[in-house]
Amino acid sequence: MADKGTGTADAVRPETPPGDGGAALVELRGAGKSYGNVRALHDVSLAVRPGRVTCVLGDNGAGKSTLIKIISGLHQHSEGELLVDGTAVRFSTPREALARGIATVYQDLATVPLMPVWRNFFLGSEMTRGPWPVRRLDIARMKRTADDELRNMGIVLDDLDRPIGTLSGGQRQSVAIARAVHFGARVLILDEPTAALGVKQSGVVLKYMAAARDRGLGVIFITHNPHHAYMVGDHFSVLRLGTLELSADRGEIGLEELTDHMAGGVELAALKHELAQVRGVDVQRLPEAEDLGSSAPASPEEAS
Amino acid sequence: MSTAGPAATAPPAPGPRTADGRTARRPLALRLLARPEVGVFLGAAAVFVFFLIAAPSVRSGGSMATVLYQSSTIGLMALPVALLMIGGEFDLSAGVAVITSALTASMLSYQLTVNVWAGVVVALVLSLAIGAFNGWMMVRTGLPSFLVTLGTFLILQGVNLAVTKLVTDNVATDDISDMDGFGQARKIFASSFDVGGVQVKITVVWWLVFAALATWVLLRTRYGNWVFAVGGDQDSARAVGVPVTFTKITLFMAVGFGAWFVGMHQLFSFNTVQSGEGVGQELIYIAAAVIGGCLLTGGHGSAIGPVFGAFMFGMVNQGIVYAGWNPDWFKAFLGVMLLGATLVNLWVRRTATRR
């Protein structure tokens, strides 16, 4: 399965990411967030650069949602800094984040199922023409623009008038991504876009994610699937219990190691010693703690 | 899921398509059926033909005018109720709000002995305020509109009776037909005009004008886009920047406007208002909207569908009389129609949205 994953990865990602490096569009420096007594996120640093996919991995409750809520403006951080284009900011609404070019595509908050594709594409930012009392939708221009923009992303739909609910989950996500790109997003936050999708549909979404990256956007890909992350990711951050457990560039880490981290590798290694006391449990193939490159930042030498 | 229709790019998907990928439009018949007003149009045509055959007296111009008048009084309110339903909400107070508006205009003018237009304007403000209150309460509390407007329904029903009794010592308001401005207002809200020897009520014209306006707003303006969006998926709509609160409150206010208009019609055509009326009418409006192809849960429907829905109601209502049957059957007939229309809508939507 892992082999298959990496095989597809080569097809999706180019050998050298286009906008490699460049100044960070969005950066977190030692950021954290507490809800009353609960510390949901602590001392997390993360940089999103143009033309690169930054993957944020973590189990349920690891703080992934809190992280994107800070960047997308739904919540404010209570420690550390959030920098956009190098200057510290503090968003109070998602609209402010959007105005700075930070768009979020939520897994379930993407589209209105019964409305046609083109109406969904422009929902909330409709094109109009004519003076006020007779100001009306510029339907022809909207349909044309939506079609062009979707084709630019490599999405070809036969009929933009059909309800978007009749498209597959992956296509809906793709339309939402194309919409964010069209409306000037420089940073695209994708919240578990592949979580509810089948293998084929996930591939479709990953492809458009790569297309957005190739257009020079900084992409933040939230997921708990290391295989999906490794297919498109340039940088991997693993969150555990609200802190950064691992932060590594693609060159520094392999898929297996990433998977081990995601599977709670450090905990599993500790568990291994306990399980070894119990008869009938095969512990030979579980990783040792020292195999896992302790904690962030992981060094590849240790792992190999 | 794997048999998805238009696949994204290179991987060929099943189904007829060219390299362009744009050909797999659904057949014309299916696309027509997907329009919310087609089912009700066929239903209305069937009812019309049925009564043309069963009741010969329907065939005269005079009885057609009566049918249209009956339809227009339902249709004028069914329009905003349908828009509100597309926006995902109900208004159970729509029936009694009509009477509240008429009572306000009538009593205010009579008691203060002012021009009736003063009463008309105050009634408009009050009706819009009731709509805004319904919307605001619903948005603020997050309660279902069913509950909020059920409350308003009961409040208005009680206030109508109690205040009328208090002010006039009667269950009806005093006749205002000899007051200043009455003739003028009557011209606008309750006059008739001659078409080839047949007297047609002006409400029929208003009904069709408002229906055309509502259709244009719904399909051709940003606001219409927002109405579909807030009814279809409120959270998605909010996430992409649609002003959900504004849209919902203004939809409730549109119902208030409709209630005012119908209330003024009743006042100026009968000169007095019975304070206990209006109860039960809200369900007729909702039924006309549903028969007209509006989805009860919101997000789908049209403004022209409820026009045919209201016509069906008017036709059956008058047709039974013209056919010489016992009018007690009217409600039973309506119930059957409502169920039939709902089933047709359900079938149509499933057929049309199937991939």
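Using the three backbone atoms N, Cα and C, a Cβ is placed for every residue, glycine included.
These come from TrEMBL:
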type	residues	note
REGION	B:1-21	region 'Disordered'
TRANSMEM	B:32-55	transmembrane segment
TRANSMEM	B:67-85	transmembrane segment
TRANSMEM	B:116-136	transmembrane segment
TRANSMEM	B:143-163	transmembrane segment
TRANSMEM	B:198-219	transmembrane segment
TRANSMEM	B:240-263	transmembrane segment
TRANSMEM	B:283-299	transmembrane segment
TRANSMEM	B:306-323	transmembrane segment
TRANSMEM	B:329-348	transmembrane segment
Across B:32-55, B:67-85, B:143-163, B:198-219, B:240-263, the most C-beta pairs under 8 Å with the transmembrane segment (B:283-299) come from B:67-85
Top Cβ-contact partner of the transmembrane segment (B:116-136) among B:32-55, B:67-85, B:240-263, B:329-348 (pairs under 8 Å): B:240-263
What same-chain residues lie close to the transmembrane segment (B:67-85): Cβ under 8 Å, and 6 or more beyond its ends? 58, 91, 94, 98, 200-201, 203-204, 206-207, 210-211, 214, 218, 227, 231, 251-252, 254-255, 257-259, 261-262, 265, 281-282, 284-286, 288-290, 292, 294-296, 298, 301-303, 305-307, 309-311, 313-315, 317-319
Honestly, do the transmembrane segment (B:32-55) and the transmembrane segment (B:306-323) touch, with at least three Cβ pairs under 8 Å and pairs 6 or more apart in sequence? yes
Region pair the transmembrane segment (B:306-323) / the transmembrane segment (B:143-163), three or more CB pairs under 8 Å: no
